[in-house]
């Protein structure tokens with residue numbers, strides 16, 4: 001999965017997908033009542049990027065729905081996964097469940113079109129704080145009470161705080177999650193970060209009793225760091241330059257071993273050689 005980083009304006013969906021992304025990451029900010037409000041990152045953000053592009057969250061979802069609904073004039077067949085980077089740092093811990101409920105209702109109405117031929121992309125809810133694990137239960141509860149529990153088949157999870165792998169496993173246990181787990185590791189492109197924790201996550205993914213299904217690394221903009229991440233065995237790379245990742249995947253060393261994921265590749269299944 002080539003994951004286009006910080007796609008917060010509808011126009012950027014086309015831009016990043018046309019550069020080679022089959023997945024995008026979008027920032028979601030919340031108001032003081034835990035309603036998802038804007039797709040917005042703000043400053044500081046990655047080096048070389050504009051940090052202030054934004055849409056109202058529900059409007060972004062409508063644009064995203066068009067981009068992922070077969071037959072729509074804006075449809076991109078290869079856009080198959082969306083990571084919502086949930087900026088829950090502005091919320092109190094006891095608002096996490098409410099944030100999940102409100103997020104689910106927004107997605108149901110504006111992205112899934114109330115279950116009637118909505119957008120088809122898989123969705124990852126990426127939560128920065130382990131203490132906010134109740135967001136997951138709130139999300140599930142809202143979809144269930146609205147009569148669409150089947151949409152949970154399209155939803156996965158990530159805790160993005162670079163926490164100890166054991167602590168993350170524990171948070172999932174508390175959240176009642178057994179599957180659909182992506183594990184992120186990374187840092188802004190302005191700084192360097194080693195691959196030690198990525199290797200631990202990959203080892204967990206490949207063990208018989210691990211909780212992780214997929215591992216992605218962020219934010220990678222250079223060819224050499226792309227190669228290093230692929231050598232470590234990641235499933236996804238988040239980038240500001242999808243074309244750079246696509247170029248490296250075309251190199252002979254990687255062409256035989258990796259391919260770009262399509263809609264038929266289940267993002268919740270651990271890949272077995």
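Cβ from N, Cα, C; glycine included.
Mg(2+) is bound by 25, 27 in Swiss-Prot, and the record lists one more residue there from 46, 72, 85, which is 85. In three-state terms derived from DSSP, residue 5 (active site) belongs to neither a helical nor a strand segment and is classed as coil. Sequence-distant neighbours of residue 5 (active site) (same chain, 6+ residues apart, CB-CB distance under 8 A): 25, 46, 49, 218, 219, 238, 239, 240. Straight-line distance linking the Cα atoms of residue 47 (disulfide bond) and residue 41 (active site, nucleophile), rounded to a whole number, equals 13 Å. Around residue 190 (disulfide bond), taking its Cβ as the centre, 11 other Cβ atoms fall within 10 Å, counting all chains.
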